[in-house]
Amino acid sequence: MGRPDPEEGQLPAPVKPPDGGWGWIVLLGCFVITGFSYAFPKAVSVYFKELMKDFHVGYSDTAWISSIMLAMLYGTGPVCSIMVNQFGCRPVMLIGGLLASAGMILASFTTNIIELYLTAGVLTGLGMALNFQPSLIMLGTYFDKRRPLANGLAAAGSPVFLSSLSPLGQVLLEKFGWRGGFLIMGGLLLNCCTCGAVMRPLDMGMKRKMGKAQDKYEAKEMLPIGGKSEEGISTTDGTKKGKKAKKKPKKGKKLLDFSIFSNRGFIIYTISKFILVLGLFVPPILLVNYAKDTGVPDTEAAFLLSIIGFIDIFARPACGMVAGLKWVRPHVAYLFSFSMLFNGLTDICSARASNYTGLVIFCVFFGISYGMVGALQFEVLMAIVGSQKFSSAIGLVLLIEAFAVLIGPPSAGRLVDALKNYEVIFYLAGSEVVLSALFLGVASYCCLNRGKKEPLPENNPSAGGGSDTEEAESDVQEAEEHSSDNHQPAHSTDNAVVVANEEANHVAEEQRGEGGDCRAGDGEVSGRDGCNADQMVERDSF
C-alpha cells in the first residue's frame, strides 16, 4: 500500500547502518588502509639516497616513485569505482592488497630506475588505490549517526603511520639495505588483505524478508477473518507472480554514475576541492627547506614535520567528534569551509616567520587546521551525495584532484627555483586555500540554502507533485482495482448470504402474524439479530 516494490526497476532500500558492532572492526581496517595509502608514498623517501647511489640517478628521478604512487592513488579513482560497483568492496580490496605487496616485493629485485617506476610506483600505487577507496565506501555503509567520528578516527591513520613507517624504514635500511627494506615493506602491505577480508557487506536479504512479511500482513488486514483469508493471500501471491512474469528485465547496474554531476552540491564541492589541493600540500613539502634557509639546523628543521604529525593525530578525531554534534552536523559544509579558511590564513600569516619559534607556532596551527580538513573532506562528500552514490562520487573527485596534485607542488617548486623566495610561495598557497574556502561557503549558501527556502506552491492542482492526501487516495484506488478481480467470488458469496437472510426474516415475520414486533421499513434490511437486540432492551427495562 503505497510502498515501492523493489521488483519494479528500483533497488531495495539499504539496510540501516548499525553504527557499531562489526562496524568498529571495519573502522580499524579503514584506519590501517588510510595510514598505508597516505603515509607509504612519503615513507619511501627514506630509501632515496641509497637508490641514487645504486642507480646513479638524481633526487628528482627517485622522487618520481612517490609521485607515481600518489598519481595512481588519485588518478585511478574512476577505475576503482567501476570495479567496486561491479564486484563489491571486499574482492577489490583483496586484489589491491596483493598488488601492493607484489609491487614492493618485485621492486626489491629491480636493476634500474624504470623498473622501480613500474613496480613500486605503478603496481604498488594501484594496489593502494584499490584498497583506499573501497574502505571509505564500507565506512559510510556501516556508520550513519557516528559517521563524522568514524571518518575522523579513520583519517588519523595517516599521521600515525607516517610517524611510525619513516623510523621503521630507517631501521630496515640500516640493517638490511634498501632491497631488504622493500621486501619487508611488501610483507607489511599484505595486512591490506586482512583489512579487506573484514569488510563484510551488510545483509540485504533481511530487508526483502521484512517486505514480504509486510505484504502478507496487509493482505490479512484487508481480507475478512476466517478460512477465506488464506485463500486471499494465496490469490494475492499468485497475482504478484503473474505480474513478475510480465515485468521487463532489469537494467544492469551502472558501473559509474555520472548523474551526480546534476547535483549542485557535488559541483561546488569538486571545484572547491580542486582549488584547495593546488595549495594545501605546498607548505609541508617546502617547510623543511624553508627552515634551513632561515638558519635552522637540519635536525630541528626535520622535527617541524613531527610537530605537524603529532598535532594532526589528535586534531582529526576531535574534529570528527565536533562534526557529529546535532547542531553542527547539518552545517558540516560550513565547518569544512572554516577549516580551509583557517588553514589558508595560517599559511599567509606564517609567510614572514623568520625564527624557529615562529615556525613552531605555524606548525601547531597548521597541524590543527590540516587535521580538520583531513577529517571533514570525505564526510562532506558523503553528506552531499549519500552512501548509494559515494562510490562513483569519490572516484571522480579523486581523478579531478589528481590534476591539481600534478599542478600545485611542481609549480611551487619551479617558482622557488626562479624567485629564490619562499615568502611568495606561502602567500600564493594560502591564497588558493582561502579562495577555495570562500567559494565553498558562499556558493553553498547562495546556491543550496536559497533553493531550500523558496516557498512551494500550495494547493495547486497543476503542480507536478501531489499532496500526501492525493497520493493516499491514488493508492486506495489502485488497491481497489487490484483487488476487484481477486475478490469477486467473495463479494458474490456475501451478497447471496444477505439475500438468504432477508427471505428468512420475511418468513419469520409472516409466521408471527400480528404479534410481530420487528418490522423492516421500506428499503431497509432487518435480521434476527435486530429483533433479539430489541427484545434484550425490553428485558433489561424490567
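Positions of Cβ are set from backbone N, Cα and C atoms, glycine also.
Automatic prediction, not curation, is the source of TrEMBL annotations.
TrEMBL lists 468-478 with the feature compositional bias 'Acidic residues'. As annotated by TrEMBL, compositional bias 'Basic and acidic residues' applies to 503-527. For 23-448, the entry in TrEMBL reads domain 'Major facilitator superfamily (MFS) profile'. Under the heading region 'Disordered', TrEMBL lists 228-248, 456-542. The feature transmembrane segment is assigned by TrEMBL to 21-40, 63-84, 91-110, 116-137, 181-202, 266-291, 303-325, 332-353, 359-378, 390-412, 424-448.
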When only pairs 6 or more apart in sequence are counted, do the transmembrane segment (332-353) and the transmembrane segment (266-291) reach 3 or more Cβ pairs under 8 Å?
yes
Same-chain residues at least 6 beyond the ends of the transmembrane segment (91-110) with a Cβ under 8 Å from one of its Cβ atoms are 33, 36, 80, 83-84, 116, 119-120, 122-131, 134-135, 179-180, 182-183, 185-187, 189-197, 199
Against the transmembrane segment (63-84), which of these stretches has the most C-beta pairs under 8 Å: 21-40, 116-137, 181-202, 424-448?
116-137
Excluding the flanking five residues on each side, which residues at least 6 beyond the ends of the transmembrane segment (21-40) place their CB within less than 8 Å of a CB in that stretch?
69, 73, 93, 100, 124, 128-129, 131-132, 135-136, 138-139, 142-143, 150, 153-162, 165-166, 185, 189, 191-192, 194-196, 198-200
Out of 181-202, 266-291, 303-325, 390-412, 424-448, what stretch is closest in contact terms to the transmembrane segment (116-137), meaning most Cβ pairs under 8 angstroms?
181-202
So, does the transmembrane segment (303-325) come close enough to the transmembrane segment (390-412) to give 3+ Cβ pairs below 8 Å, pairs being at least 6 apart in sequence?
no
Restricting to CB pairs under 8 Å, which listed stretch, 181-202, 303-325, 359-378, 424-448, is in contact most with the transmembrane segment (266-291)?
424-448
State the residues, same chain only, that lie 6 or more residues beyond the ends of the transmembrane segment (359-378) and have a CB under 8 A from a CB inside it; answer 'none' if no residue qualifies.
136, 148, 151-152, 155-156, 158-159, 273, 276, 280, 283-284, 287, 290-291, 294, 296, 304-305, 307-320, 323, 332, 335-336, 339-340, 342-343, 346-347, 349-350, 353, 394
For the transmembrane segment (424-448), sequence-distant contacts whose Cβ falls under 8 Å of one of its Cβ atoms, 6 or more beyond its ends:
264-265, 268-269, 271-276, 278-280, 282-283, 286, 290, 333-334, 336-341, 343-348, 350-351, 408, 412, 415-416
